[in-house]
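Swiss-Prot annotations:
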type    : residues                                                                                       : note
BINDING : Cys45, Cys229, His254                                                                          : Zn(2+) binding site
BINDING : Cys45, Gly46, Ile47, Thr48, Thr60, Asn83, Ile84, Thr85, Trp225, Gly247, Ser248, Asp249, Val281 : L-cysteinyl-5'-AMP binding site
MOTIF   : 47-57                                                                                          : motif ''HIGH' region'
MOTIF   : 185-190                                                                                        : motif ''ERGGDP' region'
MOTIF   : 287-291                                                                                        : motif ''KMSKS' region'
Amino acid sequence: MQAWTKPDIPVVPGPARRLRLYDTASGGLVEVPPGPDGPARMYVCGITPYDATHMGHAATYVTFDLVNRLWRDAGYTVHYTQNITDVDDPLLERATATGVEWTDLAEREIQLFRDDMTALRVIPPQEYVGVVESIPLVVERIAELQQAGAVYDVDGDLYFAVKADPAFGGISSYDADTMRTLFGERGGDPDREGKRDPLDCLVWQQERPGEPAWDSPFGRGRPGWHIECSAIALQYLGMTIDVQGGGSDLIFPHHEMSASEAQCATGQHPFARAYVHQAMVGLDGEKMSKSKGNLVLVSRERQAGSDPMAIRLALLAHHYRTDWFWTDSELLDAQERLDVWRGAITRGTGPDGPAAVDALRAALTNDLDTTAALAAIDQWAETNGDDPEASALVALAVDALLGIKL
């Protein structure tokens with residue numbers, strides 16, 4: 001599937017720094033990649049294409065865009081893959097409710113997402129892969145799990161046995177009750193009769209009336225959610241990728257289960273060196289989500305005349321691991337900051353440029369500390385100086401590292 005237009009990414013002079021990120025599994029900062037050799041490999045879970053792109057989505061993809069940019073700044077070749085869950089229960093339900101073909105709904109929302117990512121200057125993945133086009137890959141992975149004895153049948157549906165992976169639970173570190181609760185809230189079926197374990201997850205669902213289905217050795221049907229990402233990531237990136245990324249609501253069950261499926265299918269461990277998660281963005285005291293309908297959409301803000309760089313800057317004003325709530329003042333504050341930065345760039349001279357760039361790099365490579373990074377540029381912009389090359393250098397660094405075009 002086609003991704004979107006790649007922005008220009010300038011090269012910033014001066015010494016780069018190695019990136020450290022918070023790994024959910026270990027509960028601490030890890031350096032990724034762990035050595036000087038590349039490529040740096042990253043998989044980020046993509047959207048289910050309906051109601052794209054809300055600010056929670058945008059925050060996630062801007063966060064991992066920073067990872068991409070910092071790796072490039074450090075000299076790594078980056079191999080980045082992102083999926084699109086272009087067949088799933090919520091998509092089918094929305095299509096039915098609105099009287100639209102599910103394929104048409106998916107196509108429309110995917111294009112809207114592409115347009116938003118282009119406007120926000122997010123670097124596209126090398127592989128932008130839909131689930132529908134990946135059905136053969138999913139079938140292969142399920143067959144591997146069968147050979148490993150990790151799949152069983154319940155009335156024609158196939159389930160992954162989580163106990164087949166001794167490492168299951170190691171990403172989230174949640175207790176059994178929490179896992180069961182979250183599994184039920186996030187698409188799972190812990191109470192289904194015939195399952196060996198309440199947490200066992202669906203990998204192949206037999207054909208249902210009125211729903212899309214594909215031929216397979218297991219009968220006609222469609223894949224479960226978690227195996228889709230396992231299959232796509234293994235195909236394009238292999239095992240022990242550097243970063244598995246997504247929103248914090250994916251820690252369990254999605255990332256836990258997709259990692260276990262990959263580990264059982266290959267017999268290798270771990271699936272990823274770092275599991276990195278963007279915190280939730282809410283509105284009016286609640287999580288922003290499609291199911292709640294309390295969405296602030298990037299496309300609507302753009303149509304209303306908001307500068308996409310102000311939208312991006314508003315997202316960067318919050319550390320990626322801190323939950324926060326969108327308000328109208330977020331965008332107003334970001335536009336004001338953007339105006340100050342742009343004004344500082346046009347003055348011709350400024351404070352020491354290399355020092356500002358080094359402060360920017362130091363903040364961002366320390367677990368994407370965007371609040372400190374923005375403060376460093378604020379300080380530079382609000383201070384007078386006589387370095388004739390500072391403005392051009394800072395503008396270059398803000399473009400390359402923060403993705404903000406001044």
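Any Cβ shown, glycine's included, is placed from N, Cα and C.
Note that the structure is a prediction, hence the values are computed from the model and not measured.
Features as recorded by Swiss-Prot, highlighted on the structure.
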residue	record	DSSP class
Cys45	Zn(2+) binding site	coil
Thr60	L-cysteinyl-5'-AMP binding site	helix
Ile84	L-cysteinyl-5'-AMP binding site	strand
Trp225	L-cysteinyl-5'-AMP binding site	helix
Ser248	L-cysteinyl-5'-AMP binding site	helix
His254	Zn(2+) binding site	helix
Val281	L-cysteinyl-5'-AMP binding site	strand
Any further residue of that chain within 8 Å (Cβ to the Cβ centroid of Cys45, Cys229, His254) of the recorded Zn(2+) site: Asn83, Trp225, His226, Glu228, Gly246, Leu250, His255, Ser258
Spatial neighbours of His254 (Zn(2+) binding site), counting only the binding-site residues Ile47, Thr60, Ile84, Trp225, Val281 and Cα distances within 10 Å: Trp225
Length of the line joining the Cα atoms of Cys45 (Zn(2+) binding site) and Thr60 (L-cysteinyl-5'-AMP binding site), in Å: 10
Listed in sequence order, residues with CB under 8 A of Cys229 (Zn(2+) binding site) and six or more positions away: Tyr43, Cys45, Asn83, His254, Ser258
